[in-house]
């Protein structure tokens, strides 16, 4: 049992030190001793309600403490002394402190000066809190009095209620008596004449009746009012008023934030920019703050209007305020558009120490409440969405017949339109900034990236094989090259160009002198080696079919070949698919331009604009102002039918649309619907393709031109065909393929297939010479293999970019051959090159029908193969998880192969897609997640101390990337990781989260296993070094695993351990934590990933947060049932970034001894065990 009160001496010493320095009253006083009644001089210090006294002013420890709360202090008369000591006593002034609790003797003190005595008495009287105690007693008396009044009123109310009930009973009794009396009077005096003077009792009864009628009426109205107060309408009005009040409070807070931004940052920095040694320029100030001052003035006016309306409550009319505000909110467009640039300028300015010091001084202002400048610059970004949400809530509680309903709906629609415009401008600006960021990374600069139509597609590391003469590079030579060091290239793919860069030792990028900037117009992609090419065949065996070629044939310089090696088959498929799509788009656009520029006034942009379905809003589609890679407005909302129609439109194919559609189609349709649409396009192109698309395919110019020759022997001889720039590839003399000439005299067969491109040509030389004479504008010279029939098959390339077509300028020599094959692009060009040229050609309807049908069939087949090729190469998981879909695609491709009119390039592309679907997509050279789980079952071979930091970091990175890349992108749709059945819906995301927790627990458990301080400190330093190596390896997930473990309460509280850690390790840890900090939605990590080159392991939680924000903030479908394709595009962008990091593997050798340690779950302790162990290692200090 506790016998004495515990006394915290340390706390008392701290308070005494504070009292000696900052006490209310300090000085020497004489204190009367209780034992011998002698006076001793002590140094007293008063702090709040505690009085300390010391032996002297230099004493560190107090000699005594008095608690003054509840005491009284007053002057005391001098004690009676002898006459000899009277004169000395008169110079002394006494005062007495009487304590409020029993058992404490009064404290007698004295001073030599009277004013000091009065000051001490007044100070001690204030420290006793006597005024507060008296006021409390007064308030308690008032409270008791009010309680008594309330109780009395309750009793009186009950009495009145009882009286009213008694009166009701009495009234009912009187009514019954009155009725009985009336009946009695009528019976007794039926013939009695009514007297004018009524009975006084009757008058009294009437008065009582009148009183009761009034009382009943008032009671009825009271019930009506109470019912209305409890009605849903009144509840809705109360919620509406509360929303308005909250909006006013939010607007007040927002105006205050803008006021701080302008007055605490903008205006002081303007003054600093005008100083003699400015830490920042006026241009940078304008770039950072933009038009924030104008925004502040606008919202101050709006806020004043809101406060004026609140003063007129309960009449709340807000619609006219929004009518005034809406036209002026366009100023937000400039701020939102340049917000990211503003933060970049601020980050650059912070590199200046003077500016950084000045900015921290401004941020330390009490008004900022610890918030940084970046925080204040972010507030205006959310104001327009906040208004939209507020109006949405306001309309939800506004009746349809309300006077403000229509005005508020109009304001909400205008704000949503403004928000969409701002979103589109931000997207466009982000693309430009991405290009500029890459341009700044390149030392020499790159002018092509300054083109606003240049859209970034992908980036990554590839190995460039040395370019040598044919046959000089043997198989032994290929195997002995140090490709990783000498040939590694950082590659960037854009919609029009392909950049190849080298990275110097300092990390800077340099464009290659030859082949650094490749124009995709001049490129031909060769994905697989030719079966007849021994060199390509040998190279493919050495590099595991991971290489692909870009044949570059510029018009003003010799041709050359760039051979690139991908790190994996998935990475190669992704690169070749994107490059092929870019080349297809460029060549299709260029081909259509060349077709229409000379023969029709309808150019490509005008042709697209002439179809309003491509860019005009309709009931089932809505467009934004942002243009996609095909220079067509992006789709914002659309029905499923319109999206499928855009997917199969033959005029263009946008990469971003195709990626977005294939990433997100599960949300709004099914794979079988997409396959049925593709099958319909292939089997019945005329009935499946919109009529408007077919009309524009054969758009003609009605203006006749004179002076042109026609040839009535064949309708094709009258068609003028000028070589289109995208296809003007000069033939190479070093090619073993002999040139041949395509004759335009091929007869049209009777079959429904149009051109017979395989029939032998009789008298070809004679016909060719006549054709050259009659049509001197151009000569088409396709290349053909030598000799045998088997040579007709050209090397495998992109389906719509065949290499066997070559165009030469007039005057070139041509050699005829017996066979000819035409690509879909050339067939389209031949069919439409002279549309509307000169006088209309005279040929039969059957010829015209066959011609159009052949072109449409080839274009439709080409489109279907392109979509399927992209689907199979970049979204192979769809077919691995859906066997029925895979079989339907295989059946369709086999049907395509049976088409007798199929061109060689189409046949080869179909076979490649079938081969890709048939082979195992998983790369055997890469570890799988199942292998990881099996490793954990092996016996432990190593301990933590025997493993180096480099080995741990590399294997952690390898494991993290294997787990990260195993997540199928389907799991990122629908927020499955937040559902109740998340384990079944998103098993791989859950495994990734579990792996993150296990690694973090392993780090914490390993540190806590050490019993001595030195071992724990060295272990922490080693883990910090592992985290830094993970950062160098771009494994930011591993960095977060380790830093989160070190920040756990069980480890963070170990002060003795952290005191042993070196300053360098602590600084390194702070740097790592700042990199992966969640502040500002992982702002620093996002900036790091933006400048990071794969391979990389990002933190998955950052992307899941983004996806959850998109899913919760935006619906999948509009109120009209249209697909919100803008949301799908945002989801697709995030998934594409994740897959970019998934598809680039690490070149790290697996070490079983390290992974066995990392996956040993017997070493992991739970959170409670860790904290209990932490308390045993370093117990809590006593309170």
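Just so it is clear, glycine is given a Cβ too, placed from its N, Cα and C backbone atoms.
Whatever TrEMBL says is automated annotation, not expert-curated.
Looking at the stretches 703-740, 817-854, 855-892, 893-930, the one that TrEMBL records under the feature region 'Disordered' is 703-740. Ranges compared are 587-642, 643-698, 755-810, 979-1034, and TrEMBL records region 'Disordered' for 755-810.
The stretch that TrEMBL tags with coiled coil, taken from the ranges 109-146, 147-184, 185-222, 223-260, is 147-184. Averaged across the domain 'DH' (239-425), the predicted model reaches a pLDDT of 85.
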